[in-house]
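Report on one structure; see the data block that follows.
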Amino acid sequence: MKILCAVKRVVDYNVKIRVKTDQTGVETANVKFSMNPFDEIAVEEAVRLKESGAATEIVVVAVGPTAAQETLRTALAMGADRAILVQTDLETQPLGVAKALKAIVAKEAPGLVIVGKQAIDDDCNQTGQMLAALLGWGQGAFASKIAAANGELTVTREVDGGMETIALPLPAVVTADLRLNEPRYATLPNIMKAKKKPLEIVAPDALGVDLTPRLTVLKVEEPPTRSAGVKVPDVATLVAKLKNEAKVIP
Amino acid sequence: MSVLLLAEHEQGQLKAATRNAVTAAKAIGGDLHVLVVGSGVAAVADAASKIDGVAKVLVADSALYAHPLAEPLSALIVSLAGGYSHILAPATSTAKNALPRVAALLDVAMLSEITGVVSPHRFVRPIYAGNALATVESADSVQVVTVRPTAFDAAGDGAAAAPVEAVAAVADPALSRFVSADLSKSERPELTAARIVVAGGRGMQSGENFHLLEAIADTLGAAVGASRAAVDAGFVPNDYQVGQTGKIVAPDLYIAVGISGAIQHLAGMKDSKIIVAINKDEEAPIFQVADYGLVADLFKALPELSAEL
Amino acid sequence: MTAYVPPLKEIRFVLDHLAGMADVAALPGFEDASADMVDSILGEAAKIAENTLAPLNEIGDRQGAKLDAAGVARTADGWGAAWQTLVEGGWNSLPFDPEQGGMGLPNLLNTAVQEMWQSANMAFALCPMLTQGAVNAMQLYADDALKAIYLPKMISGEWTGTMNITEPQAGSDLAATRSRAVPNGDHYLVSGQKIFITYGDHDLTENIVHLVLARLPDAPAGVKGISLFVVPKFLVNADGSIGARNQVNCVSLEHKLGIHGSPTAVLSFGDEGGAVGWLVGQPNRGLEYMFTMMNHARLNVAMQGLAIAERAYQQALSYARDRVQGKPLGWTGNAPFAIVHHPDVRRLLMGMKARIEAMRGILYTAAAAVDVAHNHADEAERKRAGLLVDLLTPIAKGWCTETGQLLASDGVQVHGGMGFIEETGAAQHYRDARITTIYEGTTAIQANDLVNRKILRDGGAGARALLADIAALGRELADGADDSLRVTGLALLDSTVHAGDAVEWLLTAGADDVRVPAAASVTLLELLGLVVGGWQLARAGRVAVAKLAEGDPDTAFLSAKPLTARFFADHFLPRVAALRTTVVAGSGSVMALSDEQLFAA
């Protein structure tokens, strides 16, 4: 079985975001970028499936700028076999990305697609579900455990009330949640080998996909900040304040 | 203009998040129809019909919808979508699973977790884990939107009940099957709807120690939450997690115990009205957002708090 | 405890613009070290340093290494898994020959990776550092049979290497070495006691390969009668598997001021007749071979000075930004009054920042020169680079470690009372830093090396040439357009004049009293450390100003460079003149008191 993973290049999760003064977005110049952490979990899961013999090849796809090649190389260093960059300088939005991935799926015919549940920049949480819809496939979103057997997957999903387990005939789309696995470090030999693995660059036009954003960002602002209140000396004072000052407990 | 709003329910009860989403729908304007999907959900439909501002309730009551799998649920919504300008749902795991599918099937963009309605086509939504707020406009004919419940007040009941109308189930795409659910059972209020939340972090040191929090929660009628560190350490199940990748809460009172206040946790609770932090590390970042901070050993402070209450 | 975040942008800047990463990558054998590869490697190493090694630093300090009932040194919780991460990742093999399982990447890149390991967890990072040093010595001097048995596993890190030099009576003076090796068929039987053996025993790997200095029965007295032996903890079977336990016993572990996580062993060899060992290279040339390892280790210990200072600085900066205390003079902003706004806290932080950047410039420049000296196609270039490495090594080891511990102390000072409390972690860096001026040759040993071998031996030619290069840069900047760099250039130029005076004085100073150059040596080392540190900051400032003029958008980072150079020029380069006075006029007074006078009170 071939597995397709999609990865996004995002501002590193450690970077403290600063909103641009002209309110057009957040500051991204001279900021560290890395692979979206949920996508890293997706790639790790694919590599584990390959190591367990459940998969034979891993193709990793990014839709984004030239610099996203670096993100793809990271995925190759983790153990993906081939990479495809759908190169665009447009702001990528989930529907467009899902359409691009659908076109890649048509060419590659994977048995399973694994993507991160959401990107930590736009926090959309849409791409995997949209791709499943466009393909007419089933989906296992927010997966915290995957087991493959008899041509289908058993996916344990994180839901509001706890865990839900579903059976998912293949082909299907899975989106990775936080606790699916802990991604490995790439080894030095694999980082070096990644350089020599194939990385194909395709234009959205060649796929017949229009990536023009459907949503327009009009303004980006700082959220209202909360300032520190007071320190109380003991529990009795705390309870008194909650009762009499804040009036949040009877 | 008309809005179709997917109701959230559990065990025959309408969930409060639906009422928050109704408030967002009313801010958009137009006729508001609530869609209740499930099996044996007459009471839910009844409750939904009484919410102020609801013009009509559609009920798809079928064994097919006993568990809200994304594929049949989205197929149903798409079959009803004609004529609506907006398809809304509270941002629960059910809607987050199904609505992107609906949007893709309708070939429209989707807006996730809006926290403000500027106009029928313009919304505010948090990005970068709430570290920035984006005002976004959609050019699509249909707006598919999830609503962050904590950002909107809950709509109350109106004077008269709206009519309830049955809709037929649509054919099951049969792309996935429900196997089992392992849901936490609790007598306490649900985390996202509770007026008071008591949450513990890695400082609790073990799952057993959470009973100290539970005792206080029971006194206050509060829900119990946890930081990601406490969940990752296996103290409590994942559905306790408050934060960027867990639940977003905004209760009247949030009591953070032994939680250092990592950015990703703050993203899930910083809109609470009053925040109390109890931590023995005076430098813990949680104190920077707390209205009341108590620097103390939690194993001493919690029994005292229990006694004081 | 503040997290360690590898300063990747700064590291990349120094690699590219001060050390000449592109030129190093163009050397024969380094074809793989392309710019994007360097980025990938540094990025992954940074993740390991930050997420795996750094969190174990405090645990290692608290738990320490402990000798168990079976005589095995046990490392702290999580250390074994961390070592496996490095082995499985191939990180230990980074700079070695691909023919032997190495990655064939430049020493310069290895240096940047080692900086991150050392900052993250110095007590841990000693182990890969010493293993790499042992590999270097084996590669150069061991015969093919020994190499075939030991090198692949030492390169991969499956086995670690140690350096067994010191004995109770033989510290800095190795002429007193007593350990013996007696021929016995195809091998030798080694016996004796070695102390201060870093990672002399541990539970990270299945075998430990000791490189041991010992005397053959017929060896001449003194340092010319010492040979080098390979003595493994476990003998190795013909098929490469682990065989019988050798007679190498860990007698005890030292209780130390710092680096608690690193097991410092007392090793006893041959308690029941003799440990089985094999001669490395020729008889009686052990010290010379050991110096290969030592020189590698000296630049790496110099790196520890930088690395611990970087860690202490990150911690101090973070604390200073968060800690609210007092209202700074002239403060016009609203609350909170974080202490980072107090002028003296700024002075401390700037002093740390400037000297850290100076150290990084020196060490990466030296590391690049090591690559040129080994790999350049042209012999003249190799020789030129080799001389620069020779001259910079004692200065780097002496100045960077002395500065490292000063900065770790400043890091405590920024914390105020909290710095003295172990919980904040600032105190650990201070304790850990203290060893660096001692092991692999104390500062005095470095200074003697500098004076005798690196300055007097060539009649001062190398030192003069370096000072001339620095003066040329000073002159160029003094005539330039940037205000900060003009001031820096003038100060640098001035410092080279004083440094030149001190060097010229040294050349004749020993004529009347041979003790005088030795008395002056550490002061001269400090003086030259300041000059080469100022040189690196001036180079960085020049590059940054040029990049800004080209429109590079990273203005905050780049515009800080000339200002940091200027700070160093204002606060540290003036000390060169004073040190010159001490060297030239004051060295005689070091020995002025008779023993009787010194002990009189």
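Note: Cβ is positioned from N, Cα and C throughout, glycine not excepted.
Curation plays no part in TrEMBL annotations; they are all automatic predictions.
Annotated FAD binding site per TrEMBL: B:Arg202, B:227-228, B:241-245, B:258-265, B:Asn279, in sequence order. Per TrEMBL, domain 'Electron transfer flavoprotein alpha/beta-subunit N-terminal' is recorded for B:3-182.
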Binding-site residues listed as B:Ile259, B:Ala262, least Cβ neighbours within 10 Å: B:Ala262
Distant-in-sequence Cβ neighbours of B:His265 (FAD binding site), under 8 Å, six or more positions away: B:Gly201, B:Ser227, B:Arg228, B:Val242, B:Gly243, B:Gln244, B:Ile259
Intrachain C-beta neighbours of B:Gln241 (FAD binding site), sequence separation six or more, cut-off 8 angstroms: B:Gly225, B:Ala226, B:Ser227, B:Arg228, B:Val231, B:Lys247, B:Gly268
For the domain 'Electron transfer flavoprotein alpha/beta-subunit N-terminal' (B:3-182), the mean pLDDT of the predicted model: 96
Residue among the binding-site residues B:Arg202, B:Gln244 whose Cβ has the most other Cβ atoms within 10 Å: B:Gln244
Local backbone state of B:Gln241 (FAD binding site), from DSSP in three classes: strand
